[in-house]
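*Asks:* OK, Swiss-Prot features for this one:
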ACT_SITE  TYR150  active site
BINDING   ARG136, TYR150, PRO151, MET152, ASP153, LYS154, HIS177, GLN190, SER228  Fe-coproporphyrin III binding site
Amino acid sequence: MSEQQKTNEAAQTLDGWYALHDFRTMDWTSWKMLSSDERLSIIHEFTGLLEKWGVAQKEGKGSQTIYSIVGQKADFMLMILRPTMEELNEIELEFNKSKLAEFTIPAYSYVSVVELSNYLASGEGDPYENPHVRARLYPELPEAKYVCFYPMDKRRSGNDNWYMLSMDERRNLMRSHGLIGRSYAGKVKQIITGSVGFDDYEWGVTLFSDDVLQFKKLVYEMRFDEVSARYGEFGSFFVGNRLSLDTLPKFLHV
């Protein structure tokens, strides 16, 4: 392999479930104009959809969760994981055709696929048969109190061009970067989804924790790592609180 080929060697990825992050803003003014009975009927229809989608999780064929979002970027986020892009689209359409969707305004969305790269790969045999790898590629979304989502790119500018580094350089940098993430094991669950060719950024990062301050600590600590300091470019951050079937009616109550 030539030096140029070594430099341009692309990381190989293991790909799992497809992911949709769907952010919505409520049209509270129109929502308030409905009668209590109309609102209750719509809430009942929506919780029925959530229960229907939840069957896939019980069968190990996907996962989903819903969080209220803090701030004016959105009011809530649906995160859906499914084996195929078609299934993501079906769920998106099913929600868009629901009564509740008539009282929401699309705020942001992100389409990606759960991804593991060979920067940190180890072991032999078929990785898709490795239980540890499978648990990361096909995760059950946790019932954590808080979520943080943000998209990101690797910089390609002048001397800070990630894609002009050799595979060995990128692997060494990612190994150091990964050590920081692993130091938060038990405090933060992280799901990385790849989106090159799927959306406007290259990766989506979804963090879950029962202590919202861990998001700030983790992201801040990573800012000092070379991967983030030199090569990281970030989009908007969304932070939210978990909604359950029990707390959803309170969220929608007016």
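The count begins at 1 with the first shown residue.
Each residue, glycine too, has its Cβ placed from N, Cα and C.
Tell me what's around each of these sites.
*Replies:* DSSP assigns TYR150 (active site) to a strand segment in the three-state reduction.
Residue environment of ASP153 (Fe-coproporphyrin III binding site) contains 17 other Cβ atoms, counted within 10 Å of its Cβ in all protein chains.
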*Asks:* Spatially, which candidate from the binding-site residues ARG136, HIS177, SER228 is nearest to TYR150 (active site), comparing Cα atoms?
*Replies:* SER228
*Asks:* How many other Cβ atoms are found within 10 Å of the Cβ atom of TYR150 (active site), counting all protein chains shown?
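*Replies:* A 10 Å sphere around the Cβ of TYR150 (active site) contains 19 other Cβ atoms.
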